[in-house]
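One structure below.
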Amino acid sequence: MHWKLIVVIVSAFGVIKEFRPATPFLTPYLISPPKNFTNAQLYSEIYPFWTYSYLIALIPSFFLTDILRYKPIVILEAVALCVTWIILIWGKTIWQMQIMQISFGIASACEIGYESYLFLIVDKKYYKLVSSYTRAATLIGRFFAYALAQFLISFNYGSYLLLNQISFGAVCVIIPIAVAFPSITPEIISSKTQRKQTDDMRQKETSEVSSDKTENIKDSSSVRSENIRESVKEKNVDRSIATYCRFILQQLKIFTKNKNVLKWSIWWALTTCGFYQITNYVQSLWATMQNISDNFNGITECINTLIGTLN
């Protein structure tokens, strides 16, 4: 399958999986009939389960994404989202809502599979392009979902239940799309690894050679390239879990070599935590500021997403 077609499939997955108009109105849905949960129950007994399940699931998903080669993690995210909305629509008790939040936490942790899948498919020179596509896909899906939600609620064309039913339909659609993802074969990973190691070794070798030996390098380039390929092949013979763990630890050394990556990672972690704190609890604040008939959660989230897209 051509890589451009794969990019289209992955982008479609991103748009549809984020097309969940129920998200801005989750709290109003749960506190209104027939659910009738209280704000105290939501924010002390239900919503915290997402936070901790996401934290717990994030670590194994980080390792399993590489070990299982991405596609199973993407499918797991789709299935977990489907389970989330099944319980949201038909669940009635607190413990069922807690399971719903755990399922959503697993889905959130598995997003790493979707976000990194294309990097194994495309050439390095297209990394920025596909990264922008995957991010834009999620923002586009959210924008249209939130706009539709606000339209349906403001003009009384639908209820909160309808929003969840639409969301359920969307997350069901992404399961076959996830299954349609081409599998990441060991050959693809091996090819990527060999290419990276070859480039690194060539770069290191070039930096160690002085300028007065340039002609000698040209004369022996073919021999050197063959030696590099053989060296890389030898390094890739052992594919055990221990080797994988050593590889991960080796990759983490980038923090000691590049302080900018460390600073960026710290700031990303802090801002992500802040963002999730706000989005998880802001609907409770909005509920105290508005009447049921004047609910503008959807347009607020829609504008927020639009600003994020423009930035």
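Glycine residues also receive a Cβ, built from the backbone N, Cα and C atoms like all the rest.
Not measured: the values here are computed from a predicted model.
Database features, via TrEMBL:
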type: TRANSMEM; residues: 45-65; note: transmembrane segment
type: TRANSMEM; residues: 72-90; note: transmembrane segment
type: TRANSMEM; residues: 102-122; note: transmembrane segment
type: TRANSMEM; residues: 143-160; note: transmembrane segment
type: TRANSMEM; residues: 166-185; note: transmembrane segment
type: REGION; residues: 192-222; note: region 'Disordered'
type: COMPBIAS; residues: 196-218; note: compositional bias 'Basic and acidic residues'
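Ranking 45-65, 72-90, 102-122, 143-160 by CB pairs under 8 A with the transmembrane segment (166-185) puts 72-90 at the top. Within the same chain, the transmembrane segment (45-65) packs against the transmembrane segment (102-122): three or more Cβ pairs sit under 8 Å, each pair at least 6 residues apart. For the transmembrane segment (102-122), the list of distant contacts is 3, 6-7, 10, 13-14, 17, 49-58, 61-62, 65, 70-74, 76-77, 80-81, 83-84, 87, 129-131, 133-134, 181-182, 184, 188-189, 192: same-chain residues at least six beyond its ends, Cβ to Cβ under 8 Å.
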